[in-house]
Amino acid sequence: METLLSIKFSGPFNLSIPSTENQFYLSALQKDDASKIYSILGPTNELSSDIHKWTRSIPNPYTLSDAEFFISRCISLYTKTLTCTTWAIRNNQKEFIGCIGLALLDESSYNISSDFYFPKNSYEVGYYISPHYRNLGITSSALKLVCEEIAFKGLRLNHLYGMYFTGNVQSERVLEKSGFKFEKVLNNALVKDGKNVDVSCYIRLSGEPPQEPVISKNSGHVYEKKLILKYIADYGKDPIDGQDLTEEDLLEIKASPKTIKPRPATLTSIPSLLSVFQNEWDSLMLETFTLKQQYQQVRQELSHALYQYDAACRVIARLMKERDAAREALANVQAHIAVQPPSDATVSEANAMEVEEEKKGVNDAVIEKLNETSANLSKGRKKRKAPPNLTPVDTIKEFEQISVVPSLHTTSNPGITCIDLDHTENLILTGGNDKKAQIFNRERNKVECQLKGHTKKITDVLWLGRTDSDSGDTVFTSSADKTIRIWKPATKGYKAESILSAHTSEVTGIAVHATKDYLVSVSNDSTWAFHDIDTAQTLVTVESNEVQDGYSTVEFHPDGLILGTGTNDSVVRIWDVKSQQNVASFTGHTGRVTSISFSENGYFLATASEDNLVKLWDLRKLSNFHTLTIEEGKINKVVWDYSGHYLAVGGSDVRIYQSKTWNELATIQENTGDVTDMKFGELAKYLVVGGLDRSLRFFGPNSTE
């Protein structure tokens with residue numbers, strides 16, 4: 001059930017059954033239920049014929065594959081709509097004993113006369129239960145719960161239909177006990193086993209009084225204004241007597257005082273109140289028990305950490321003692337054989353050689369590689385045109401949430417802080433506040449592996465982007481623990497092969513150079529560093545007297561010869577990578593710079609800040625030519641699509657703008673937590689978004705339209 005935790009109405013819901021002390025409840029269907037469904041409806045159960053006799057849509061004979069197909073269809077519908085409308089009835093051993101569900105009523109499936117109408121968007125309820133559990137009040141209790149708590153309160157329906165083959169006395173009794181009223185017998189309405197059969201139609205109303213009552217001048221019936229207006233627009237008739245009805249035939253009823261809503265059905269008697277209090281008490285006790293479990297777990301973890309700390313102190317003390325003993329022994333040996341220790345000058349010279357070897361810097365070989373890559377990329381970019389099959393503007397305007405992957409990373413420190421797509425767009429790399437990185441496989445719809453090792457939250461994640469490796473791509477992660485880890489594919493998952501420790505404070509961002517050989521990082525210690533990926537060495541660390549409050553974000557220009565950095569003091573700085581000199585500074589923001597992004601054409605730079613502004617800069621003129629203002633919320637991320645035609649802005653919500661015109665094409669507010677990172681898919685076919693609600697959300701055009 002982990003995949004269904006974010007589905008509304010997925011349960012479990014306890015059923016109140018006075019006739020038995022055993023506990024029964026409703027919950028969403030699970031894949032493990034297939035065998036139990038087959039045991040109830042399959043030919044191996046002699047009593048299954050009674051169920052098939054009174055149901056119209058269950059295959060007969062029933063197979064295990066029918067059960068598996070039914071469950072997979074229900075789970076697919078849960079995930080698509082984020083709402084559960086079909087439930088398993090379970091006993092106290094959590095075993096499947098029956099099923100109940102709501103479905104949109106299909107009028108075309110019934111053969112009814114012209115003088116009878118089903119209101120538009122009506123729902124009907126269906127159910128069955130194992131013969132071994134009949135006559136205990138389980139089905140009627142489940143039906144009451146579905147009507148009152150889900151259909152009327154949750155889905156805001158004002159009525160619900162119940163249909164059964166005429167002659168099914170048990171189903172008639174269940175509907176009447178659950179508050180349904182007989183409406184009509186539909187003669188020859190359905191075909192069962194090749195014969196036309198009658199169907200008895202029952203209906204239950206929500207029981208809520210109208211908030212805006214109106215009365216029909218023709219029939220004298222009272223209706224809820226918004227509901228009768230919608231019905232008139234659809235059918236043009238009175239829903240009760242079928243006579244023609246228009247809006248002019250309605251008169252408003254002026255009630256003083258206004259209608260007061262009645263008490264809920266669960267609060268109208270002492271037994272029902274006691275039941276509500278019992279449920280609240282059970283929930284409170286369960287929460288207390290869970291908190292105690294978490295408390296015990298934290299105590300164990302703390303005890304284990306203190307033990308490890310004590311053991312580490314003992315080991316360090318022993319090693320220091322052994323070191324001092326070794327030094328004393330070495331001094332005694334030198335005194336006996338008259339060997340002099342190396343002079344300070346020799347030690348200094350050796351250390352200098354070692355430092356020189358470590359700090360290679362951006363030498364001529366590196367510069368030659370940077371120039372060669374830049375020349376090749378610039379030549380290709382000048383000839384490049386917009387892809388003919390780029391997602392058009394009208395399609396971008398229709399973007400909506402097409403799928404969601406909930407509950408990634410842990411709940412103790414919830415939230416996705418950063419994401420990246422690999423070159424296949426099948427693997428999504430995420431970093432979280434829980435100190436872990438995860439690789440999610442879209443095709444398999446599961447987390448392939450977790451990258452553990454950082455001791456504080458992950459601040460940025462990147463794929464290297466090489467397509468020539470059969471074993472898998474390299475991964476980079478940066479963290480608030482001041483380190484950068486380089487992960488390589490291993491036999492099982494990924495292994496951290498190297499750790500870069502060039503900074504003395506939180507590493508706030510990383511970027512891979514177009515050569516795929518170099519990595520740059522920025523930190524709150526007011527430095528940025530240039531690293532060689534193959535050797536895992538820091539080639540140069542750059543400090544500037546103009547940067548005192550630290551860097552917040554970093555991005556390479558598409559050609560790779562210049563570097564953009566955002567700072568905590570609201571300034572965007574452009575650097576020459578070869579000379580490590582600050583060649584331009586963009587001022588204009590008044591808050592911390594949260595994100596920067598170069599357009600693929602190399603001409604434009606988008607920057608976002610905590611001042612709720614997105615500024616567009618022309619790198620040829622070194623000027624700000626346009627500013628986007630977000631009136632409410634915050635901005636955490638800006639990102640271009642690969643063609644440079646669309647710019648996405650994420651924070652409190654997600655907005656997509658068209659380049660050059662800067663028209664807002666779409667605003668999407670499906671996220672329940674702040675958006676922290678985004679990536680466009682190929683040809684801007686979709687946008688994947690990560691945020692503090694622990695979910696990956698995919699936005700694109702609705703494929704069903």
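Each Cβ is built from the backbone N, Cα and C atoms, and glycine gets one as well.
Feature list (source: TrEMBL):
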type   : residues : note
DOMAIN : 39-198   : domain 'N-acetyltransferase'
DOMAIN : 205-270  : domain 'U-box'
REPEAT : 451-488  : repeat 'WD'
REPEAT : 500-541  : repeat 'WD'
REPEAT : 553-585  : repeat 'WD'
REPEAT : 586-627  : repeat 'WD'
**Complete:** Counting only residues at least 6 beyond its ends, the same-chain positions whose CB falls under 8 A of a CB in the repeat 'WD' (586-627) are 378, 381, 552-559, 564-574, 633-640, 642-644, 647, 649, 651, 659, 662
**Asked** Near the repeat 'WD' (451-488), which same-chain residues lie under 8 Å Cβ to Cβ, leaving out any that are not at least 6 residues past its ends?
**Response** 413, 417-423, 427, 429-439, 494-512, 516, 519, 521, 523, 531, 533, 536
**Item:** Long-range environment of the repeat 'WD' (553-585) - Cβ separation under 8 angstroms, sequence gap at least 6
**Value:** 362, 367, 370-371, 373-374, 377-378, 381, 508-515, 520-522, 524, 528, 530, 540, 542, 544, 546-547, 591-598, 600-602, 605, 607, 609, 611, 617, 619, 622
**Fill in**
Using DSSP three-state counts, the residues of the repeat 'WD' (500-541) come to 0 helix, 24 strand, 18 coil
**Asked** Under DSSP, the repeat 'WD' (451-488) has how many residues in helix, strand and coil?
**Response** 0 helix, 17 strand, 21 coil
**Asked** Counting by DSSP, what is the helix, strand and coil composition of the repeat 'WD' (586-627)?
**Response** 0 helix, 24 strand, 18 coil
